[in-house]
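Colleague: Supplied in structure tokens, the structure appears directly below.
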Amino acid sequence: MSPDDELTDAEETHLRSLTAVEAEGDERAVEAALRPRSLDEVVGQVRVRDQLGLVLEAARQRGKAPDHVLLSGPPGLGKTTLAMIIAHEMSTPLRLTSGPAITHAGDLAAILSGLNEGEVLFVDEIHRMSRPAEEMLYLAMEDFRVDVVIGKGPGATAIPLEIPPFTLVGATTRAGLLPGPLRDRFGFTAHLEFYEPADLDRIIRRSAGLLEVDLTDDGSAEIASRSRGTPRIANRLLRRVRDYAQVRADGVVTRGVSQAALDLYEVDQLGLDRLDRAVLDVLCNRFGGGPVGVSTLAVAVGEERETVEEVAEPFLVRNGFLARTPRGRVATPAAWAHLGLTAPPPEPESPTLFED
Ligand SMILES: Nc1ncnc2c1ncn2[C@@H]1O[C@H](COP(=O)(O)OP(=O)(O)OP(=O)(O)O)[C@@H](O)[C@H]1O
Ligand SMILES: [Mg+2]
């Protein structure tokens, strides 16, 4: 262990609470405990970290609440983590809600009017908010005011209600689904990208330190390369490999142990999981490589359309296994190769009319 990797007192305490949490077997709590708590602890996402750091520092200097922040990207890349960090860095409480939880504009009015000056309101899955709530949010974001409507029909009146300046942090896996007016009201938008193996490697080693997992360098690298570019998956795989090391080996997570464990959990060498492979399998074997619509694909693999679109697809596209075309999804040569299949020959060009 290099001095950098040694635990500080705070981490020691943190670790003790972690071990207690682990004993209860609560995986969600473990995930929360592994979250970086300050911008400095965030691994990777260098550009987002720099930009966000600047936005927060400037706001701190002015003594004002920072501009509203939109965080977008596939699941498990750190949106909730960053929202919590924003509140932490501004030394202010975080109020947490989510799009689907706000069914009526009144729900949102209650939340907004309960905010104190400078607080951070985190709205997860902001693309799933109801229309009336969304419109109320426009006004709140821009003018720090909500119109509370009293009564119904022609006699209804809107009473404006001032709300203290606050920072809205919205998270979405689908920035494309946000209406333009809402997107435009965010002063800063961060799009989170999949992580490089080197970053995942650092995340895994940090988590292994906190969870007291004995891990070799190549063991960590092996897990990193199969983590689908996603910190949440990296942390989860680390725990599964640790189980394997404990039960079937001598407790040390080596490359061999990682490989054996991840094969057992059906995570392949490139990190594709069961759903990823099912999508490619159906696409190649049942639809001749496409093009096929995403709804059809979803039905064929027995999943919700959103799951295929938000969870499987971004990774498959990013890694060149799947292409989106106007006519539907298409398997790339890499997909055929990964499944060990031979791609059908390309369709013959339509004959030209005039031959000389
Ligand atoms: N940059 C990072 N450095 C270290 N760990 C990270 C980082 N980003 C995320 N993590 C880890 O990954 C886990 C998942 O992150 P988080 O819950 O923030 O993802 P999310 O983007 O909110 O996902 P979802 O869309 O499913 O809500 C966290 O518990 C945290 O431990
Ligand atoms: Mg989240």
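Yeah, the Cβs are placed from backbone N, Cα and C, and that goes for glycine too.
TrEMBL annotations: computationally assigned, not manually curated.
OK, TrEMBL features for this one:
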type    : residues                                                                                 : note
BINDING : LEU34, ARG35, GLY76, LYS79, THR80, THR81, GLU142, ASP143, PHE144, ARG185, TYR195, ARG232 : ATP binding site
DOMAIN  : 65-196                                                                                   : domain 'AAA+ ATPase'
BINDING : THR80                                                                                    : Mg(2+) binding site
REGION  : 196-266                                                                                  : region 'Small ATPAse domain (RuvB-S)'
REGION  : 269-356                                                                                  : region 'Head domain (RuvB-H)'
BINDING : ARG305, ARG324, ARG329                                                                   : DNA binding site
Colleague: If H, G and I count as helix, E and B as strand, and all else as coil, what does DSSP give for ARG329 (DNA binding site)?
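Modeller: Assignment for ARG329 (DNA binding site) reads strand.
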Colleague: Take the C-alpha atoms of THR80 (ATP binding site) and ARG324 (DNA binding site) and report the distance between them in angstrom, rounded.
Modeller: 28
Colleague: Tell me the Cβ neighbour count for LEU34 (ATP binding site), meaning other Cβ atoms within 10 Å of its Cβ, over all protein chains shown.
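Modeller: Its Cβ shell of radius 10 Å holds 21 other Cβ atoms.
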Colleague: If you skip the near sequence neighbours and keep only those at least six away, which residues in the chain come within under 8 angstroms of GLY76 (ATP binding site), Cβ to Cβ?
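Modeller: Counting only residues 6 or more apart in sequence, the Cβ neighbours of GLY76 (ATP binding site) under 8 Å are THR230, PRO231, ARG232, ILE233.
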Colleague: Once ARG305, ARG324, ARG329 are set aside, which residues in the chain still have Cβ within 8 Å of the Cβ centroid of the DNA site?
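Modeller: Going along the sequence, the neighbours come out as GLY293, VAL294, LEU297, VAL308, GLU309, GLU313, LEU322, GLY328.
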Colleague: Where the distance is taken from Cα to Cα, which of the binding-site residues ARG305, ARG324, ARG329 turns out closest to TYR195 (ATP binding site)?
Modeller: ARG324
Colleague: With Cβ-Cβ distance below 8 Å and at least 6 positions apart along the chain, what are the contacts of ARG324 (DNA binding site)? List them in sequence order.
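Modeller: Correct list: GLU313, VAL317, VAL330.
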